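Trainee: Have a look at this one.
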């Protein structure tokens, strides 16, 4: 029997076997933990708007201002500055570095402890960027923010996946992306409100400390997850935590028994988790999707558009304030689309959202490429087409908001068995942050060279990656974490790697397993 399918043969693998209700405690616990998404979201939304504020550019990037005044320069290229993109991307290279250590730190301190650490780092980074006097101070502050993002992005999705009941794991897991989208919306509103102030950019950057306070103070009142307690030898605390979030009517002993079995199976092979993930055949599907899922998220094109939407709208002919308002509208639409995904993700499953979101994004990206290519060929885009560009971008954002925006956090948080869960999440977060760094560092240069074809470039990636996911990713809705191995064992392709269907899996013993 493969590791991760312990609960099925023990007789407790069904979500209904554990019983229990969607309690007030589990909802509040997951919402407080998911508020860590505010940290990441605020930073995503704040950098693009600040990057087009004239006082900010005059202080740190005067060459960009001179390009903006040059009538002969292509509008696609006025923001093509490696120094300017380093302001945004430096956070993500720091997050990438911290994510390598986050898995080990998470196992030692627990999910809650890492969230506290991430909140403290983010507060320090927000204070430094808001008070920056030179470019070096600005970049160092951004890197402190990145360390905080690396730790919180590692711990929070795992916390949500391990605390949420299997039947509602998708809906509660969306809460992280819900707060992330809320952070983006708040950041764009802050940018719009501060853009007219000479020191407005300092206020925008310094307010990054506010979501850090929310997650830090909130985490002080949280309990750690039962899995984390068991991994650190605190069985009594694990049972108390499980009883608190499942309610008195739940069969917490049965669920705790399955969790304990999964942890015990993992503990014997805990050392070398990264080596196992990369070298052991039975973890081939987990390794594949720890990389593929971040690629789907990043190469949809919506992430860089979220970062740089005010700059893209400026290139399309919007004025400064109109570009900032366009970014606010886009953030609001994405935020609203998450409500829809929360309602349907555990009813229709993950793959339905992937397919619907992909169709919406591809249609809108091709249409935007046509508008930018044909209508902008002879000068500024006519007003009607500018409005159409904004509307299509918002619809594209809605498609992303109901699909890969939440799934980037939900799928990696639920597919990994206990013995490689922290390592797998580290790989997923590292891949996401690494791609974010590459995207933010190169997008403006790509836009300068491909111009309107940039939209078609991302549409092609969406088509290719969606096809791969629909063929190779099994549906995971409603499956308990301890039983996830059986999903891979039944898959037409991955069963040759996982389980004993063809005698190629590397089984792990279980006290109750009878094979």
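Along the chain as shown, the residues are counted starting at 1.
The backbone N, Cα and C atoms fix where each Cβ goes, glycine too.
Heads up, TrEMBL stuff is auto-annotated, nobody curated it.
From TrEMBL, for reference:
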type	residues	note
DOMAIN	29-477	domain 'Major facilitator superfamily (MFS) profile'
TRANSMEM	22-44	transmembrane segment
TRANSMEM	114-133	transmembrane segment
TRANSMEM	139-160	transmembrane segment
TRANSMEM	172-193	transmembrane segment
TRANSMEM	199-222	transmembrane segment
TRANSMEM	291-316	transmembrane segment
TRANSMEM	322-345	transmembrane segment
TRANSMEM	352-372	transmembrane segment
TRANSMEM	384-411	transmembrane segment
TRANSMEM	455-473	transmembrane segment
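Mind running through what each feature is packed against?
Mentor: When Cβ-Cβ distances below 8 Å are used as the criterion, the transmembrane segment (114-133) is approached by residues 33, 36, 39, 102, 105-106, 140-152, 154-156, 159, 202-203, 205-213, 215-216, 219-220, 222 of the same chain, each at least six residues removed from its ends.
Counting residues 6+ beyond its ends, the transmembrane segment (139-160) has Cβ neighbours under 8 Å at 30, 33-34, 36-37, 39-40, 43, 86-87, 90-99, 102-103, 105-106, 111-112, 114-115, 117-130, 132, 169, 172-173, 175-176, 205, 208, 212, 215, 225, 409-410, 412-413, 421-422, 425-426, 429, 432-433 in the same chain.
Within its own chain, the transmembrane segment (291-316) has Cβ neighbours under 8 Å at 44-45, 47-49, 51-52, 75-76, 78-79, 88, 184, 191, 322-324, 326-327, 330-331, 334, 354, 361, 365, 372, 376, 381, 386, 389-390, 393, 396-397, 400, 404-405, 407-408, 411-412, 427-428, 431-432, 435-436, 439-440, 443-444, 447, 454-455, 457-459, 461-462, 465-466, 468-469, counting only residues six or more beyond its boundaries.
Outside the transmembrane segment (322-345), and at least 6 residues removed from its termini, the chain residues within Cβ reach (under 8 Å) are 45, 48-49, 52, 170-171, 174-175, 177-178, 181-182, 184-185, 187-189, 191-192, 195, 305-306, 309-311, 313-314, 352-353, 390, 393-395, 397-403, 405-406, 410, 477.
Within its own chain, the transmembrane segment (352-372) is flanked in space by residues 296, 300-302, 316, 341, 344-345, 381, 385, 388-389, 392-393, 395-396, 398-400, 402-404, 406-407, 451-456, 458-459, 462-463, 466, 469-470, 473, which lie at least six positions past its ends and keep a Cβ under 8 Å from the stretch.
Remote same-chain partners of the transmembrane segment (384-411), defined as residues 6 or more beyond its termini with a Cβ less than 8 Å from a stretch Cβ, comprise 156-157, 160-161, 169-170, 173-174, 176-178, 180-181, 289, 293-294, 296-297, 300, 302, 305-306, 309, 313, 316-318, 326, 329-330, 333-338, 340-341, 344-345, 350, 353-354, 356-361, 364-365, 367-368, 371-372, 375, 432, 473, 476.
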Trainee: I'd like to know the mean pLDDT over the domain 'Major facilitator superfamily (MFS) profile' (29-477).
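Mentor: PLDDT averaged over the stretch: 85.
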